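For Asp17, Asp19, Asp21, Asp28, the entry in Swiss-Prot reads Ca(2+) 1 binding site. If you look up Swiss-Prot, you'll see Asp113, Asp115, Asp117, Met119, Glu124 marked as Ca(2+) 3 binding site. What Swiss-Prot records for 56-91 is domain 'EF-hand 2', and it gives sequence analysis as the kind of evidence. The N-acetylalanine feature in Swiss-Prot is assigned to Ala1; the stated evidence is experimental evidence.
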Amino acid sequence: AYSWDNRVKYIVRYMYDIDNDGFLDKNDFECLAVRVTLIEGRGEFSPEGYAKNKEIMANLWNEIAELADFNKDGEVTVDEFKQAVQKNCKGKAFANFPNAFKVFIGNQFKTIDVDGDGMVGVDEYRLDCITRSAFADVKEIDDAYDKLCTEEDKKAGGINLARYQELYAQFISNEDEKNNACYLFGPLKEVQ
C-alpha cells in the first residue's frame, strides 16, 4: 500500500477526484472550491471566500491540465497524473515543484488545520484520515501519526505548514516505502 505507484493513485482518488468518476476534470476543482470554502468557514459559506477559492481552483485545474492532460481531452487519468508527477516532482524538493502542486498542498494544509493554529495535531490528523477511509480502531490512525512525526514534530505539538510541504513532497517524489512521509494521509489501503 505504500509503494510510490499506490501513493500517487491515492492522491488522485482521495484528494482530487472529488466526484469519484475515476479521472480529474474541471468539475472536481469546482467541487474542491466549495469544499475548501466550507472547511475554511467551519460550515459557514462565504460568497467572497468562495469567489476567491473558485478562482484559485480554476487556475489550479488549468495548470494541472497543462501539466498532465497529455491528450487534451479535458480529463486527467490516473496514468496521465502519474506521468506528470514523475516528470515534474519525482526526486524533487517542494521548492522545485510546479506552482499548481504548491498551491494545492498549501490549500490541503488549510483544510486539515481545522482550528487554524498553524499546526496539524493528532486530533486534526484523525479527522482528516476518517474522511477518506474506514477504521475499526483509532489506534491504527494514532500509530500512523506516530510513524509520521519526528521527535521535533511531537515537541512542537504537530506538523506546521513548512513540515507538511516537505512531507507531501516526499510522499509523491520519494520511492522509499519506509519513508515516514508515507503516513501523511494515515494508514493507506491498496487503491484499485
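Positions of Cβ are set from backbone N, Cα and C atoms, glycine also.
Sequence-distant neighbours of Asp17 (Ca(2+) 1 binding site): residues of the same chain at least 6 apart with a C-beta under 8 Å from its C-beta are Phe23, Leu24, Asp28. The average pLDDT computed for the domain 'EF-hand 2' (56-91) is 94. Residue counts of the domain 'EF-hand 2' (56-91) by helix, strand and coil are 24 helix, 1 strand, 11 coil (DSSP-based). The candidate set comprises the binding-site residues Asp19, Asp21, Asp28, Asp117. Of these, Asp28 has the most other Cβ atoms within 10 Å. Around Asp115 (Ca(2+) 3 binding site), the same-chain residues at least 6 positions away in sequence with a Cβ under 8 Å from its Cβ are Glu124. Shown in sequence order, Ile112, Val114, Gly116, Gly118, Val120, Gly121, Gly158 are the same-chain residues outside Asp113, Asp115, Asp117, Met119, Glu124 whose Cβ sits within 8 Å of the Cβ centre of the Ca(2+) 3 site. Met119 (Ca(2+) 3 binding site) and Asp21 (Ca(2+) 1 binding site) have their C-alpha atoms 32 Å apart, to the nearest angstrom.
Note: the Cα of Ala1 (N-acetylalanine) and the Cα of Asp113 (Ca(2+) 3 binding site) are spaced 25 Å from each other. The separation of Asp21 (Ca(2+) 1 binding site) from Asp113 (Ca(2+) 3 binding site), Cα to Cα, is 27 Å. Shown are the recorded positions Ala1, Met119; of these, the residue with the fewest other Cβ atoms within 10 Å is Ala1. Note: the Cα of Asp117 (Ca(2+) 3 binding site) and the Cα of Asp19 (Ca(2+) 1 binding site) are spaced 30 Å from each other.
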